[in-house]
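Dropping a structure here in structure tokens format, bear with me for questions.
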Amino acid sequence: MSTLFRTDIAPEPYEEAAEYLDGHSATPHPVTLRIDELSAKLEIIGEDIRVRWLLTDIREIPDQAGNDMMVLRERGNTLRRVILRNRSLAPRLPYRTRSAPVTNRLRLTGWAFGAVASVALIIFVLVPTMANQLANFIPPEGERALAEATLDQIRSALDETGLQGVRTCTSVDGTAALKKIETRLTSVMPDAPELTVFVLDHGMVNAFTLPGGYLVFFRGLLDNAGSAEQVAAVFAHEMGHVISRDPTRHALRSAGSIGVLGLLFGDFAGGAMVLFLTERLIDAQYSQETESHADTFAQDLLIRAGIAPSALADMFARFRALGPEPTEMEKHFLSHPDLGDRIASARAATPAEFLTEPVLTDREWQALQGICD
Amino acid sequence: MSENVVGTQFVGKKSRVFWLALKTGMLTVLTLGFYRFWMKTRLRRWYWSAIRPGGYPLEYVGDPFEKLLGFLIAVVVLAFYIGIVNLLLMFLSYSFFQDNFVAYTASFVGVVPLWFYAQFRSRRYVLARTRWMGLRFGLEPGAWGYAGRALLYWGLTLVSLGILAPLMVFRLEKYITDRTYFGTERMHQGGRWTMLYRPMRPLIISVLMLIVAAVLFVAEQIGPGTGLSVLGMGGLLYGYFAFKVNGLAVLTRHKHLAGCSLEMRPSAGAVLGIYALGYVLATFVIAIPGTALFILLLVVQSPDTAAELSLGTGGWVADQSRWVLVAVSAMLYFSIFLLWSALTHTFVTMPTIKHYARTLTLIEPASLLSITQRPRDAAEQAEGFAEALDVGASI
């Protein structure tokens, strides 16, 4: 028989003083922590207390401010805590930083779907439907107030000097020429709406309508138009919007949907930007449809007024020549459908051998282009 | 805890909270805002653990998922209200008043009771998820009662031009405190509402000074009038902090829990100093990405103006594609928000909490030791309405 020597050196026995909170009373119990190496358990021993936690079940409470202590819990038990006033146990806890499992995932998923569905229902169905209905009932003076508020905002937003807003152009001959185009179009309509037409002194190649029959051209559009007929074509298109009260519906709709979107994205850093882009995206979905409607209306009105609808196509072709065709990504954020489709549609609507009766004399056309001088 | 009086320690370093706020803020931006429930939870865990009354840290046990759930519940309810009601209000306002002012006012007024409701629910949730010495805090239900009282006392305060503000502050604080529990033990708010006039004194004196200054201006005494109004404006700022800080201290000194009472002696000047210094510093730092963004946008948008200001039109900016410029602008834009949030946590929120915590003492805390646990409050809405309506501060 030889003497037996143990060659494997047992780890230093772990023993530390700590405090134990039993989760039933507010009294902290002084305890001694030991590790039972055989069962890989932490023994918490004090007066009337003998608790054993598997080392693999022990988690440290995360995001603690003090590095001078450890607050420990057992996985699956939410109440009991061990407060150790040093960090000596950290190396012995393999799953110290693992998280506790999440409960009620099913309920959460249900509410998540419910929330998304109800928000979608409100923004895409309820708000547009109500806006469409209510737009027919809003009295004319209400519509005009809505338009004036919006026009003021647009004028000051476009002004680069930031002083008094973009000015409106009102030369006598230019205004008379514009009125002539208006009369040419309205005279062939059974009950023409009352219109207020403005030209804003700004280089943007665009025109738009506001509630209450407000129709606004930018100087840039007159500068870049090839003929008076092209201006008349845009005029007819914008009147399509006036007839279907698109601007009023749009204003009411944004009153409803912007608030809901703001609610959803909250106030996190830069939420305003995400909100803006989302609003544009939703807006574009509505607008592509209304633009097509306005185009169809314009084609019909132009024929009745003795102007070839191809003038609209010529104007769009000029728009396209001015700027690069938008990429697929950009198209989602633009409210106008593909220009190429609209050009083809306007050309197809023009009857063969259609003869346009000139809208303005050369002199009048020059006066219109110089309306801002 | 066996002594008659125990203080409160505050542990935690500025650098830790800065990185925590910056890191979680970045994740929030990257997840389009959804990480904010985790961000809030983690920051609260950190702040709570830093506060150690009697040497034992508070623990925040709120769960981000329940916050998300509560938020979704609130969204379902509020989306309907905001979408439909705002649309109707806008329609009625333009139809009958030719203006949107009425709609905005009505929409705002309609949300006010809900705002107070949300405030109470959020307090209930936070208390239900706060523990100390292993015991839960809690708040009895009563959110609509709180909203009703808040409307009444706010109304009285506005009608009395602020003279009844102490009544409002005291009654609302008492409503909440008397429904607050630590374990099974109910808290009690003692004292009278008139005791808040003392902390209000600097504010009242400043207002009086401004009134006298106005009289002097009318009497064309421009010199003394200007001097007095400058003094009055400074006093107004200090007076606001004095009322907030000293008012809180007075209210705290009259709170009791079992046989234990609280004592707090914060300094209004110190808190004002923290705010002033913190915000100046934060503004200074975010001015760096702010200026960079401004110059970049100027060069992209209007090269002519940029050239006039001799910022150059070509160089690096002209060589980049549009997407690179958009990406750089977006990064600068978000970095402004992230830095602002992280810096205000580091130099305003944390030092303020630290100051309050360190001046808090418990008198006769031994009676707390025999208190026992209270049942868990599911608080299912969590603080969803507060989150959706943006009630209160960031933590």
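From the backbone N, Cα and C atoms, a Cβ is placed for every residue, glycine too.
Curation does not apply to TrEMBL; its annotations are automatic.
Worth saying up front: this structure is predicted, and the values here are computed from it rather than measured.
Features from TrEMBL:
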TRANSMEM  B:17-38  transmembrane segment
TRANSMEM  B:68-89  transmembrane segment
TRANSMEM  B:101-118  transmembrane segment
TRANSMEM  B:151-170  transmembrane segment
TRANSMEM  B:202-219  transmembrane segment
TRANSMEM  B:231-251  transmembrane segment
TRANSMEM  B:272-300  transmembrane segment
TRANSMEM  B:320-340  transmembrane segment
Can you tell me which parts of the same chain pack against the transmembrane segment (B:320-340), counting only residues 6+ beyond its ends and a CB-CB cutoff under 8 A?
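Hits for the transmembrane segment (B:320-340): 22, 25-26, 29, 282, 285-286, 289-290, 292-293, 296-297, 300.
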Cβ pairs under 8 Å only, please: of the recorded stretches B:17-38, B:101-118, B:202-219, which one is richest in them relative to the transmembrane segment (B:151-170)?
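Most contacts with the transmembrane segment (B:151-170): B:101-118.
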If we skip the immediate neighbours and take only residues 6+ beyond the ends of the transmembrane segment (B:17-38), which ones have a Cβ under 8 Å from one of its Cβ atoms?
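Long-range Cβ neighbours of the transmembrane segment (B:17-38): 46-47, 64-65, 67-68, 71, 334, 337-339, 341-343, 345-346, 350, 387.
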For the transmembrane segment (B:202-219), give me same-chain residues lying six or more residues beyond its boundaries with a C-beta closer than 8 angstroms to one of its C-beta atoms, as numbers and ranges.
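Cβ under 8 Å, 6 or more out: 225-226, 228-229, 231-236, 238-240, 242-243.
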Within the same chain, where does the transmembrane segment (B:101-118) have neighbours whose Cβ lies under 8 angstroms from its own Cβ atoms, ignoring anything closer than 6 residues to its ends? I mean 6 or more beyond.
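Residues 81, 85-86, 89-90, 92-94, 143-144, 146-148, 150-151, 383, 385-386, 388-389, 391 contact the transmembrane segment (B:101-118) from elsewhere in the chain.
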